[in-house]
Structure formats: structure tokens, C-alpha cells
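Trainee: In case it helps, Swiss-Prot gives these features for our protein:
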ACT_SITE  Lys230  active site, schiff-base intermediate with dihydroxyacetone-P
BINDING   Arg56, Lys147  substrate binding site
Amino acid sequence: MTHQYPALTTEQKRELQDIAQRIVAPGKGILAADESTGSMAKRLNPIGVENTEENRRLYRQLLFTADERMDKCIGGVIFFHETLYQKADDGTPFAKMIKDRGIVVGIKVDKGVVPLAGTNGETTTQGLDGLSERCAQYKKDGADFAKWRSVLKISETSPSELAIMENANVLARYASICQQNGIVPIVEPEILPDGDHDLKRCQYVTEKVLAACYKALSDHHVYLEGTLLKPNMVTAGHSCPTKFSNQEIAMATVTALRRTVPPAVTGVTFLSGGQSEEEASINLNAINNCPLTKPWALTFSYGRALQASALSAWRGVKENEKAATEEFLKRAEANGLAAQGKYVSSGMDGSAGQSLYVANHAY
């Protein structure tokens, strides 16, 4: 029976939509700085920096203390639990520092992927236990949005019906719990770029996965205006012999979204999925210039694609902090322009052109 039991009050809905709109205001996107402690090792070890709490704090500090140029192109920052409770050198909590700049604070709330028995190496995401209490606490501590990542992969046998259904359901349950606590959920069903599949296959799988997600969100009475979607762009697999143009990637991506994502959704914040910094900006720009009608904000939620050059410039040396912050700002501004279809690429030179692909990427 389709009886309606109101899940949210008008005030709650208004607050959620307002938060979502602030994050994806024109020319703004998200800095994903929510790498787990283990993932930070993969960032710091290659540049010769020990993965300690203090080094992680110093690194995040150089991102968060970037000058006012950041405020024009970053609408939200996703924190990891540890970072939410860290402070800058002057004693200001990072969360307060970001909030005071008019940037929305977010928090990663999932607890990582676990194997889904009976599938060929597929996964589901854990973290629903105690999520409501954690969300209530995070809201008190300054967070207004959250992120939960589900992972699907393309192969002969996957994604299976089971993996699609289970991940859609867990994302919807998470989204519902967030909204009850005044937190805007970012729904992230990432289809990994591993494999030799072509653009068509990725588009087809992306459509099936997104359709399942929005069916589940509807079943769970999630208020779509108070959500954001964080999908992969539609690209061929990394081992695909055929190379596709930025325009082809944009057309396949926007077509998949138009077929599955309701216009009520406030914004789509793409993940970079191991693309190089430059590639992630060029593709986002092409998506915004795609000649199809696009009812949502189409912007970025990038981790590596905003940070790779900054990390290389920093190398853990205090004297390099300024240069590292400049590299971060350069990418942030590039993506702010790309989110408006106004980015002009300066070529694929240097570290910005280096692929950031990691096979079977786990955060």
C-alpha cells in the first residue's frame, strides 16, 4: 500500500536543499580530503613522507589554509573522521576554519568495502550500524553533508544483479539516515575503470546501476532535492585498446545521467576515478559543454585530481608549503572553470598529465 508517512518536515527539507545548493553553487565543487589513514600512506610514502598523524595534519593544513581564491571554486570539503577533530597550528579546528570561509563541511561515514559472498569478487559497503548516532554527533560537530562509497566493477560476470541491488539498497538506507539527522547524503555508486570494456558497455552498466539506485532511493522515501550524486564519468576501461575523445565521453556520460537521474537531484559531483588532473578537468569541461539539456549542476568531487601536483610539490618540506598550496589552487580554479564549461586546457605537461590510476582502487 502506498500510504505516505512523512519522513521529513518542510523545515528539514528546506535545510537539506539549501545545503546541497550551497555545495554546488555555480563554479563550485568539492575537495575530497577524506582519504583514510591507509590511503594516506599511498599518498605520502611515494613522496618520502612518513604516514603519521602530524604529517597528515600538516598536509591537510596546507590545503585548508589556501587563500581566498579557494572560496570561489570550492563549495564543500569532505573530511575523514580524524581530520574533523584536528586543529591548525594556531589552534583553530579545521572544521571551524572551513565553515568560517563559507565552505560546507562534509564527512565520510562508510566503513569500507567487504566481500559479497556468492559473487565473483564483488563487494558491498559496511557502516550502517550506529550511523544515526554518528550522524547526530557529526552534525553537532559542524558537518552538514556526508559521503558513502559503494564500488562496482565491470567484467564478464559483473556487476551482478545481486551486487547492484545490495549496493543500491545500502546507499538508500544511508541516505535516509543522513537526512533524518539534517545531513545531505552524497550517493556514490562508483563503477571502477578497471577492465578492457569499451565506452558503450560502461554507459550501459552506469545506466543500470543509477536506475537501481534511484529506485531504491524512492523506495526509502529519500528527498532527492536534499541529495547529491557522485558518479563515475562514463569512460572505457583502462585496458580498452580504443581511445575515445573527450566529447564522446561527455556525450555518453550526459546521456546515461539523463536516462536515469531525476531532475529533482540538486547536483552531480563527478569522481575523478584515477584520471590525470588535466584529463579530469578537460572531461568535466566537455560534459558541461555537451549540447544536451542538463537539469542538474554538473561539477567535481575530486581527491587525487585536486591534490596530486600539490603532494609532489610539498614532499613534506615546510619551505615547499606555499608552492604546494599554489598547485592545489591551480587545479581548484581549473575545475571551477570546467564546472561552467569555461576551462581552456594548457596541455598535458608535467605532473598534471600523469595518470593517477590505481588498479582496483580501495580508499
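Cβ coordinates come from backbone N, Cα and C, glycine included.
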Trainee: If I restrict to non-local contacts, at least six residues apart, and a C-beta distance under 8 angstroms, what lies near the residue listed as 'active site, schiff-base intermediate with dihydroxyacetone-P' in its own chain?
Mentor: Lys147, Arg149, Ile186, Val187, Glu188, Glu190, Val268, Thr269, Phe270, Leu271, Ser301
Trainee: These are the binding-site residues: Arg56, Lys147. Which one scores highest on other Cβ atoms within 10 Å?
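Mentor: When each Cβ's neighbours within 10 Å are tallied, Lys147 leads.
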Trainee: Three states by DSSP: which one describes Arg56 (substrate binding site)?
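Mentor: DSSP assigns Arg56 (substrate binding site) to helix.
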Trainee: Check the DSSP secondary structure of Lys147 (substrate binding site), expressed as helix, strand or coil.
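Mentor: Note: Lys147 (substrate binding site) is in a strand by DSSP.
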